[in-house]
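Chemist: Pulled from TrEMBL, these are the listed features:
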TRANSMEM  B:6-33  transmembrane segment
TRANSMEM  B:45-62  transmembrane segment
TRANSMEM  B:68-90  transmembrane segment
TRANSMEM  B:102-121  transmembrane segment
TRANSMEM  B:159-179  transmembrane segment
TRANSMEM  B:208-230  transmembrane segment
TRANSMEM  B:242-269  transmembrane segment
TRANSMEM  B:276-297  transmembrane segment
Amino acid sequence: MLVLDKISSGYGRAQILRDLSLTVRSGEILCLLGRNGAGKTTTMQTIMGLLPLMSGRIALDGKDIGSLSAHRVPQAGIGYVPQGRRLFTGLSVAQNLEIGLLARHSGPDTLEEVLTLFPRLRERYRQRAETLSGGEQQMLATARALCLRPKALLLDEPTEGLQPSMIEAIRQVIVQMRAAGVAILLVEQRVDAVLSVADRVAFIENGQGGEVIEAETLRQDHSIVERYIGV
Amino acid sequence: MELGPYLILASLEGAVTAAVLALTAVGLSLVFGVMRVVNIAHGEFFMLGAVIAWWVAHITGGHPAIGFALALIVAPVLVGVIAVAADMTILKRLDYDPERTIVATIGLLYIIQQLTLMTYGPEARPVEAPFNTRLAIPWFKNGEDGWQMIWPWGLGTTSYKLAVIGAAVTVLLGVWALMKRTRIGLVMRATQADREMALAFGIPVERVYAMVFGLGAALAALAAVLIVPIQQAHYLMGGDPLLLSFIVVIIGGLGSLPGTVLAAVLIGLSDGIISVFFSPTLAKILATLLVGLVLVFRPQGLLGKRGV
């Protein structure tokens with residue numbers, strides 16, 4: 001379970017997040033919805049320790065991770081799939097995955113499991129990361145995070161710019177991870193994509209947390225979404 | 001007068017320059033590539049290597065080979081430790097900001113230089129080479145008895161100079177293997193590719209930076225130990241290697257190690273050949289001109305990748 005308790009954060013002196021609270025339970029997909037610039041990516045970067053935590057507390061399974069230095073956060077068990085994939089260019093698929101394995105000293109069995117989830121990566125195993133197609137790169141970014149055997153998984157717009165078959169493949173894996181008990185925080189622009197997979201939806205506005213609503217309720221009543229997102 | 005023997009001599013002299021330059025420049029390139037830090041104090045780490053080599057050889061006494069062998073280990077290690085300390089106390093506190101680290105390393109340059117002047121003094125001091133057999137350069141000449149080997153008078157090199165070339169090649173292969181074949185190299189390349197993602201995947205970036213800065217400085221120090229039996233140690237000797245390293249790194253492509261080595265060989269050899277046949281000044285003029293041309297027509301360098 002990943003708990004954010006009244007966290008504030010930002011870039012330099014520009015504060016973006018103000019007392020944001022969120023709880024992602026193990027084995028659920030919580031989707032963060034909000035307009036551009038509302039602070040979705042900032043939330044993820046703050047959890048990863050890449051932005052300084054000004055106040056508040058972040059805990060993973062009851063253990064405080066907000067006070068850890070950035071490289072200790074993934075070691076505590078958080079996998080991050082950043083926006084724009086951000087693979088290690090110049091490194092092969094195998095080496096990108098190896099970096100993921102190193103973080104939590106995962107063994108070859110983890111690698112085997114991840115490659116079973118993404119058979120396409122096995123075919124491209126020795127290829128350089130930047131030579132993969134967009135969908136394959138997204139698979140690699142996801143696989144790299146799964147190599148940590150994460151307790152919580154942060155996905156920042158994982159289906160952005162992908163063709164439908166790839167979106168479906170990524171979605172399948174996310175659902176499988178939920179079944180395996182991973183706490184999943186998902187940022188996604190497309191509301192229909194969110195509603196088909198999320199368990200709960202948290203709204204974020206101007207860096208502040210809004211309502212948290214069961215996805216089922218939203219599926220029946222779209223008007224709430226429109227109020228927050230303004231589509 | 002035949003041209004051939006002189007060309008061989010010039011190439012050999014150039015190869016020695018290239019070897020030492022390649023080691024120094026690879027250190028600079030590594031630091032820039034991984035840390036995005038332009039280390040102006042790199043030449044001073046080179047100078048420290050030479051001064052420490054003299055100091056070690058001076059204290060040890062006995063056969064020159066003993067002192068030299070000791071210096072070969074002590075100087076790079078000591079300079080590496082100094083660089084790591086500089087990284088942790090200065091660069092880390094500046095958050096590795098590209099502009100501020102330039103100013104900081106300029107400061108470091110003067111601190112190291114002046115401290116050396118105050119302690120070691122203004123003299124240039126030689127270190128005796130561990131071995132220094134004179135080798136004449138052979139040439140083939142078609143005389144009355146057909147082809148025969150001759151040794152043109154006055155042309156020769158030393159076994160030590162050949163050993164410098166061999167040592168540099170060995171160390172460069174070692175650096176290549178470190179980067180491509182080891183886990184530390186993998187972590188360094190991942191950090192180079194994306195610092196933030198390296199952090200997000202558990203790589204202790206600050207420790208990697210300290211190590212890279214130390215390694216870069218140690219390579220410069222090692223190059224200086226190799227050259228000091230030929231050149232003498234002096235507190236101002238860091239200027240030329242710094243300038244040439246920058247030329248080489250720019251021509252080769254910022255952060256590209258193969259490009260750096262290629263450019264070092266190019267600049268070193270042309271420096272040797274042009275110096276022998278024309279003048280050392282012309283060699284520097286041409287090298288600087290080449291930098292200008294590269295910057296205009298191929299800003300990413302010979303083997304560099306286009307930046308994002």
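Here the Cβ of each residue, glycine as well, is placed from N, Cα and C on the backbone.
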Chemist: Which bits of the chain, at least 6 residues beyond where the transmembrane segment (B:242-269) starts or stops, bring a Cβ under 8 A of a Cβ in it?
Modeler: 11, 14-22, 24-30, 32-34, 40, 42-43, 46, 172, 175-176, 179, 192, 287-288, 290-291, 294-295, 300-305
Chemist: Taking contact to mean 3 or more CB pairs closer than 8 A (sequence separation of 6 or more), are the transmembrane segment (B:102-121) and the transmembrane segment (B:6-33) in contact?
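Modeler: Output no: the transmembrane segment (B:102-121) is apart from the transmembrane segment (B:6-33).
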Chemist: May I ask you to check whether the transmembrane segment (B:6-33) and the transmembrane segment (B:276-297) make contact, with contact taken as at least three Cβ pairs under 8 Å and only pairs 6 or more apart in sequence counted?
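Modeler: With 3 or more qualifying Cβ pairs, these stretches touch.
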